[in-house]
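**Student:** Checked TrEMBL, it gives:
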- 357-374: compositional bias 'Low complexity' (COMPBIAS)
- 57-92: domain 'EF-hand' (DOMAIN)
- 345-374: region 'Disordered' (REGION)
- 1-23: signal peptide (SIGNAL)
Amino acid sequence: MAFAWRGTLSLCLALFNLQFSLLCLLSNSRDDRLSLNEFTLICRALFRNDKGHIYVVPSDRLEQMFAVFDKNEDGYIDREEFQFCWNQWIKTIVRPISSFLIVDVQNDFISGSLNISNCSAQQNGLEVIEPINKLLDTVDFDAVFYSLDWHPSDHVSFIDNIKQRPIHPTSPLNADNAQVYDTVIFAGPPPMKQRLWPRHCVQDSWGSELHKDLKVVEHGVKVYKGTNPEVDSYSVFWDNKKLSDTTLCAQLRLKGATDIYVCGLAYDVCVGATAIDALSAGYRTILIDDCCRGVDLNDIESTKQTVISSNGVIVSSREVKAMVEGRDRRPELGYKLAMELKNSESDLSKNNACRRQSQQQQQQQQQQQQQSSQ
């Protein structure tokens, strides 16, 4: 059977009163209000995997999530407050809108000028392709994005361009003694730290192409980054100085995305920067560990810790399908969503608003079609 929350908004609203009554009955509430203890029972039912394992939610997080929905701060969630909880929180948890973001699986990072197997971690970038392709074949993502480093030939990150720009006096290295992977400070203005890389992913070159074995789905969207010669761009969302964004932000809003699954190359550089920016923008963010390879083992571990501390989760590819289908519901992502609902300006809150508007329009169209057929 198709998952229940794939239905229309009208169906969800029709189920609302029944669902609330059932929750109240199950938690022995007789006054149409839910206490913290009763909310805890709901969370026990909500946060579990497809094998019935119940995830433990720390008591302080339960209290913080409860407070988001207890808007009048009377110590209870009443019927009106629960409707907000139902529409904005529970429905997203059980039927997320999932985007798959595949970062920089390009020739130069796998077998070209910036082959990551030559870096200190000595990881093989080619190994990400098989699990990524399997996910594309088996998981019904709502949107798929491919990012590409897309540098002009005079890009600031290329070590062979280092003498094209003045070095700031505070730089630990100058143009004569800096080597690949070192960090220098360019004069600007303003002064700018820059890690130096081999020339890579030059626009329209073989090295900038996606690897030939990577599956490119028909509805996939390519997002180009690093196009400004003066600013590097690790994240698929923003350049490193946050001067300009890519097209990704707008396209995620159009899709009404709630969850972003991130993977690719390199784990501790562009993948990590993208995951952290996704979390900062308010998205429920999932990093797929076995679909990533990186440059430095210590930096990879640091990336993981940053994602986890920001309420993201790290999973293996075999766990993704159940999560996308809403059968494996992680409390970290539920907590992330609740905290974002406190901030009406977050991308996730805006996306929820777009999704509600779209569903209302679909409902109106269905009503009009029913009326015209009568």
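Even glycines carry a Cβ here, placed using N, Cα and C.
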**Student:** Give the residue counts of the domain 'EF-hand' (57-92) per reduced DSSP state, in the order helix, strand, coil.
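**Tutor:** Counting residues by DSSP class gives 25 helix, 1 strand, 10 coil.
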**Student:** Please compute the mean pLDDT of the model over the domain 'EF-hand' (57-92).
**Tutor:** 95
